[in-house]
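Below is one structure, written out as structure tokens, with a few remarks after it.
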Protein chains: 4
Amino acid sequence: MALIIWISFTYLDAKASSALKKSSRYRSRSLSASSTDSYSSASCTGSSSEDDDISPREKVQKNSSGNFDFCVRNINQHAFGRREIEIAEQEMPGIMALRKRAADDKPLKNAKIVGCTHINAQTAVLIETLAALGANVRWAACNIYSTQNEVASALAEAGFSIFAWRGETEEDFWWCIDKCVNADNWQPNMILDDGGDATHLMLKKYPAMFKMIKGIVEESVTGVHRLYQLSKAGKLTVPAMNVNDSVTKTKYDNLYSCRESIIDSLKRSTDLMFGGKQVVICGYGEVGKGCSQALKGLGCVVYVTEIDPICALQASMDGNRVVKLNEVIRNVDIVITATGNKNVVTREHMDKMKNGCIVCNMGHSNTEIDVNNLRTPDLTWEKVRSQVDHVIWPDGKRIILLAEGRLVNLSCSSLPSFVVSITSATQALALIELFNAPAGRYKSDVYLLPKKMDEYVASLHLPTFDAHLTELTDEQAKYMGLNKAGPFKPNYYRY
Amino acid sequence: MALIIWISFTYLDAKASSALKKSSRYRSRSLSASSTDSYSSASCTGSSSEDDDISPREKVQKNSSGNFDFCVRNINQHAFGRREIEIAEQEMPGIMALRKRAADDKPLKNAKIVGCTHINAQTAVLIETLAALGANVRWAACNIYSTQNEVASALAEAGFSIFAWRGETEEDFWWCIDKCVNADNWQPNMILDDGGDATHLMLKKYPAMFKMIKGIVEESVTGVHRLYQLSKAGKLTVPAMNVNDSVTKTKYDNLYSCRESIIDSLKRSTDLMFGGKQVVICGYGEVGKGCSQALKGLGCVVYVTEIDPICALQASMDGNRVVKLNEVIRNVDIVITATGNKNVVTREHMDKMKNGCIVCNMGHSNTEIDVNNLRTPDLTWEKVRSQVDHVIWPDGKRIILLAEGRLVNLSCSSLPSFVVSITSATQALALIELFNAPAGRYKSDVYLLPKKMDEYVASLHLPTFDAHLTELTDEQAKYMGLNKAGPFKPNYYRY
Amino acid sequence: MALIIWISFTYLDAKASSALKKSSRYRSRSLSASSTDSYSSASCTGSSSEDDDISPREKVQKNSSGNFDFCVRNINQHAFGRREIEIAEQEMPGIMALRKRAADDKPLKNAKIVGCTHINAQTAVLIETLAALGANVRWAACNIYSTQNEVASALAEAGFSIFAWRGETEEDFWWCIDKCVNADNWQPNMILDDGGDATHLMLKKYPAMFKMIKGIVEESVTGVHRLYQLSKAGKLTVPAMNVNDSVTKTKYDNLYSCRESIIDSLKRSTDLMFGGKQVVICGYGEVGKGCSQALKGLGCVVYVTEIDPICALQASMDGNRVVKLNEVIRNVDIVITATGNKNVVTREHMDKMKNGCIVCNMGHSNTEIDVNNLRTPDLTWEKVRSQVDHVIWPDGKRIILLAEGRLVNLSCSSLPSFVVSITSATQALALIELFNAPAGRYKSDVYLLPKKMDEYVASLHLPTFDAHLTELTDEQAKYMGLNKAGPFKPNYYRY
Amino acid sequence: MALIIWISFTYLDAKASSALKKSSRYRSRSLSASSTDSYSSASCTGSSSEDDDISPREKVQKNSSGNFDFCVRNINQHAFGRREIEIAEQEMPGIMALRKRAADDKPLKNAKIVGCTHINAQTAVLIETLAALGANVRWAACNIYSTQNEVASALAEAGFSIFAWRGETEEDFWWCIDKCVNADNWQPNMILDDGGDATHLMLKKYPAMFKMIKGIVEESVTGVHRLYQLSKAGKLTVPAMNVNDSVTKTKYDNLYSCRESIIDSLKRSTDLMFGGKQVVICGYGEVGKGCSQALKGLGCVVYVTEIDPICALQASMDGNRVVKLNEVIRNVDIVITATGNKNVVTREHMDKMKNGCIVCNMGHSNTEIDVNNLRTPDLTWEKVRSQVDHVIWPDGKRIILLAEGRLVNLSCSSLPSFVVSITSATQALALIELFNAPAGRYKSDVYLLPKKMDEYVASLHLPTFDAHLTELTDEQAKYMGLNKAGPFKPNYYRY
């Protein structure tokens, strides 16, 4: 029964979200106008393939090798998907370097991985890398809307057992995951999950099979939260790795990405001019820091609100005025939330904003702006562009609400493939670590990626910047008490 | 005969250009996906109205007051156009402030202005401001593609004599201007020109009428260049004002706009990540300075090439390495031209670039990148997105060329209305100055806007930033030898 | 015997150092030309009092209340010292706020503290604050050279049992500490140490007394290191708090202080112009990050060397070129070490530097630059100013070595009192915490300051910046699972 | 009689000024603790030589070649002076490059120059460069206090006719200049002046000789002002060049120098911490722009006051809040004036400042802060350090006034030799230009340095930054209508 409740929740969640089911800061290219780093590609065809009325489950399809252990929208779209994958390969230097370096070692030889993630060109690069490292995989989508059908076809054509298409029903969704878990001659020993659905299904429906798993790698905030709950409840019987909080990934997901995407989101949605604008940023964590840095670089005056005195002191030392929201709300041109909290910007605040004020959310949830209290009879909503609403007060005052208070950078900008490359490399290394760890290194608990692996992910991406690492001499390593290959910092190091 | 040659040139120019006939850094909203400052509006309908096959010149149309002294695509579209104008009014604080402040004075009373500019919501704000200040106007488009038809309809509905529609023929183009110049009971005394076409036609076809003109205001580089040539040739018989080079407008057109549009252009077209990218900027004038500042603010490493030692020294002192292009061309991720010169980036340079290098032009002309030498049989072009081409070398290397070497910020980003507000206010003040100047202040020559007017344009826009100006005391004004109302700086002041 | 060895080491260390015995980033005002924040005061008299040839231990001195339980250079200098303390009070907002807020609670009532730190105006503010909070204290100097005699006199005059003067002998040094530990009617229950000497003496000489101690607060790297060693060896029988690594203190000691002191140190010692200079920073931890930020702000081109790929990636994303030292050593104008390692800049590197290159150390030890290998017969040293040496190669090339490779910011700039205020408030709170902790909260181990206390230190300093903290609503606190009074972040949070 | 009045004025001026007679932003090394770029040298001996009671005019001195056509304090000090000059040569790359490049051409062959400037190591480099280019020179000091005696001796020893020592009387001052103008077998044909005294004396006392002059080069604001007055009055009978306003020199004197010296001045005098400080800068010209940029780079929050709307708009677009002084005066930590105006900060403002506020002046005169109204009986002044006064209000409030309101960067920081190199090279080129100009190029008027020369000065200093200039191709030069050797910009270009 718990399963059914969960399913309903997931299903509704999936329906409600126009983009992503999980709260991870992730948006695949197929969901956006574009999200390439340097190479760009036509992505408009993603939707064109949904012309087909017959459910993929009812179709009989074979790839050109005669294989039919997959279920995708249309196997014939594989060529376009392959080109997309090839372009993505060029944009993901880290994971490709890993593929090349580890290809001989085959560190995932004998690994049998059930994967459940978004399926798009970048994921395909990950999947094919895992295979190149020796793994067998079966893969389903973690979201009923996010599959890039052509890419799924290309993977199927290449011989992968893919079960995913854009526009699955709730039932399809679980059927697909089930097909990945439960197949002939197939005892999976690893799970790569994004949201916890594959873990959940296997644990509930195939508990015996679940006990044979050597490790779980989970990427999303939601999935990690579920794992910690399972662990607390004593129900986690295998080691799991939380890759969501590894240093390199976190910095890219928050500081570096947001530094760029706040600019991009505001520009694309409102075409405003940044110079001289007054901006208040609620929250001065990594996201707030990134936003402040970028906006000041373009000539904004930045105010910050904080609840944590340490972060407030940081904001001061970085040249931001730390205020309570009410002190500046009548004067600012832009309000950005980045707290992870709820009702940070209330209706009362919005009543005081000046005409034309832009309000958007860069935080972790869509609760930061109290949008519900804007949906009242006295206010008029006018959609002026996709993701841009004018909310009009009786006196004619308009505030400009972006993405209806959801994460504006997911809705109004794109995610560079480079960031996805960091995440993918982290996932792959976590799989390698768990799969190869000597008995006893990991117990049935949730772990962070070992710092040395984190450092390795970083090192895979340095060539992109033509960055040259210095090596410790023997004498220096001894002096510092360090291994020359790392790790180089204690676990509590703050970077 | 000269007229015919000119016409042909203009016509071809107009055809060749997908966007703008003049080289001014101007792009109306109707030409872009969008270009509002804070208020955004749907602009997609601009093209939807071209369903009509009958030439507007053959239609009989009246506005709701019974007036028919206009020619637009479809008078019935006026409501949508009016809404666009209303939104633009909110985005153009300076010109609206001028309208309010000068409405009682009517400084343009008895002015009869022939206008020839792009026709879009922002221009409509200018036109209605001129009328509010007392002027009579007749208006044509300066570009056969740039008219926003609904806006033209709204102006016609409001009683303005507008002759413009999107998709004019060459003959239409000159017919429209002629209708503005030559009408019953109409002796124009002012010209507001953007490219010099109204000036040219009146000078050639109605020389007697031209002599009655009190002044010309010209905004474009091209038009200004023509005026200086006329002046040199002794053929300019009226005073003209070059508003292209006024301080406030120049700073916004170059430094401030480009600081933001380089980021926007690159992000929208390639979704790249800026952090850690190596960029070379060719030219360190206002545009180059703006690009460098913005890119460094987002974590790029910036190199600069310069021919002028003073600008090179500035680049050094601002923390850029000054190099010859060949020294860095193999390593950089992005090449930006901002010189105004030709063949700054040659085929030879592009042969050396690394795979994935992005090349774009922020300068004044489309000659800076030698695109012609990329159109050779050995190279393959692949359009991956609007305004984005991959040029592929025989060995597979791709360089990413934006906007085919044309101005990338005109092609791949939008122009904030705030910048248009600066230009419009400058134009209006130039008209007021020339129209009201006492006899003898201006001779038949080309002038820059008086510094005091330039300062006034700036002051009109300060409230946007809630910026509060300090006033000189009598004692201070005396000490400095200044008038308390300005001008505050000598003409040679460099800002 | 261990004691004797330790003593010798300390003594030599003290002699060798012109400034500080410990490697903490601390410099008292009496050691520098000046180190006030906003209020400045004459500090030159510090040395004028050493005219006295008689050892303080041989003098009979009383304060004006008749008390003689102290030993200072000259009790009559108290008035000047008092003025210095009053000025320091104005510069140390955090510790003064703590004094005011906790004065009624007297959280240190019954605390008997042995203190052993530098003794200067800022320490006096700490000492008098501890007394105001209820503590009895006896205090000695942790360095034979660093005592500000007038301040010691002012404290003695105010009734404090101070045993310290500038220019102590080795024997004096230990005698003074002994006088603080071992006195009539005095069983100390807390130690505030800076370097571990009081702890060491009590542990070795008065082990029974040591067992009665409720807690030790230690501020220096060296002292903390010793505590961890004691703990490992099972010899630590009381709880100790490592305040060196609390978040707030660390950020100020490293990032914020170094961001300013690198500029100050280089400017004061060489009067160079920063704009356009090429700088290589070895190490991109907090210190390196601060240096890079400041130098780029003044127009430098910055290169970074790193051994840790994560930090290298950060350097790249922040716009620094990451290189090996040899790649740039021939071109840079300034070399800064900030690694904590040894022989980072070798003789071989210095052989390649260009004429006029400046070399200095901002790291944790004086081993980073291999100065020993510059003291060879082929090179000539020329002292051109205090802390500035020219090292001259046979071909006439000069490199400019600052502070002989010791910490340049300790030698060539001053430490703002604000930074000392942070440290003092941290020390006071650590004492309060350990003294009042319920039995069982702390075992005989080394602890970090609880995050809530760390946050409290930060909050004490926010008024300086007129920074206004936001409070969580009940609903928000519940949503986040936080106590409204903090702590606000998990322990692993990286800030 | 006019001469006498002038003399009195100059004399008083010289006495009143502790540093410099002219308002140029210039401070020689001998006046400061130090002002070297990378090479530092002991400069304290400058004053040690004033032990001599006999007036130099009464001494009989010969250099080692037997020459006695000079008058300095003590010819025997030449060795130390020579070392100072050698060090300065290394710090002044531009003027040394000019010396090398033009040594064969001898463009100043037959030039006979009367020089009247500060005399210090940097000037000596200029003087010896002029000689190397073929000139004969005779030189006096333009300030009775600023001569570095050892350097004067070194020049005399090298055979130059130098008439200058530190501590001249008024009569000495004019006697020295007279000795340079009026000598046997000497008809000067050029004047290099800094303040206009040599020009004045020659014009008044030797009008016939003055008519033979081919040109005057003047560096100071005051001297330039006098030249324009002479020109207006029709009394200027020779061409003069105003090198004070050349582009390269102006940028270095204002923007680049002040960007660094504001930091240096505040740090050295008050040891404050910049991070988080609120600062108001009065005036946003080049000086204000430099201050704002530097302070924001170190984490300050910056407010700007302006009277000129164009500069106010620039301040806004650069991310500064533009306010009236009264709006922020109660909150700011630092007030900086940079207007060139008077009474910008009044007593009324200072009454409102908060305790501990720092007030200083970076502008062109010492009138910006109304210091006179602080010298009232109700306020107490307390000198806490050289150049640092606390002004204490009856309620105990202290404001910290730097340099008594005079230019704080002249009083509290040093001037890098690199800036002096720029000025010296500009002076030398102006001499070359005027001396070699074909008849008719210059009339009896005041000229700015030709842009091409200005560019040349810049180019001489590029190698310091290892900056590599790009050369125009023939095709490009033609396209731009430029000479490949420059000038590259029109005269009105704003840089």
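Counting starts with 1 at the first residue shown.
In case you wondered, yes, glycine gets a Cβ from its N, Cα and C as well.
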Need one residue: from B:Glu306, B:Glu433, the one TrEMBL lists with B:Gly285, B:Glu286, B:Val287, B:Gly288, B:Lys289, B:Gly290, B:Asn409 for NAD(+).
B:Glu306
Near chain D - the binding-site residues B:Gly288, B:Lys289, B:Gly290, filtered by Cβ distance under 8 Å:
none
Are there any residues at least 6 positions away along the chain from B:Gly288 (NAD(+) binding site) with a Cβ closer than 8 Å to its Cβ? List them or say none.
B:Ile281, B:Cys282, B:Val304, B:Cys311, B:Ala315, B:Ile336, B:Ala338, B:Met362
Please identify, from the binding-site residues B:Glu286, B:Glu306, the residue with the sparsest Cβ neighbourhood, meaning fewest other Cβ atoms within 10 angstroms.
B:Glu286
In sequence order, what residues of the same chain, 6+ apart, have a Cβ less than 8 Å from the Cβ of B:Gly290 (NAD(+) binding site)?
B:Asn254, B:Leu255, B:Tyr256, B:Ser257, B:Cys258, B:Arg259, B:Ile262
Taking 10 A as the limit, how many CB atoms besides its own sit near the CB of B:Asn409 (NAD(+) binding site)?
27
CB contacts for B:Val287 (NAD(+) binding site) [other CB atoms within 10 A, all chains]:
28
Need one number for the NAD(+)-binding residues B:Gly285, B:Glu286, B:Val287, B:Gly288, B:Lys289, B:Gly290, B:Glu306, B:Asn409: the maximum pairwise CA distance in Å, whole number please.
21
Name the residues of the same chain, 6+ apart in sequence, whose Cβ is under 8 Å from the Cβ of B:Gly285 (NAD(+) binding site)?
B:Asn254, B:Cys311, B:Ala338, B:Thr339, B:Gly340
Mean pLDDT for the domain 'S-adenosyl-L-homocysteine hydrolase NAD binding' (B:254-415), as a whole number?
96
What three-state secondary structure does DSSP assign to B:Gly288 (NAD(+) binding site)?
helix
Where does B:Asn409 (NAD(+) binding site) sit in the DSSP three-state scheme?
helix
Name, in the order they occur in the sequence, the residues of the same chain whose CB lies under 8 A from the CB of B:Lys289 (NAD(+) binding site) and which sit 6 or more residues away.
B:Leu255, B:Gln314, B:Asp318
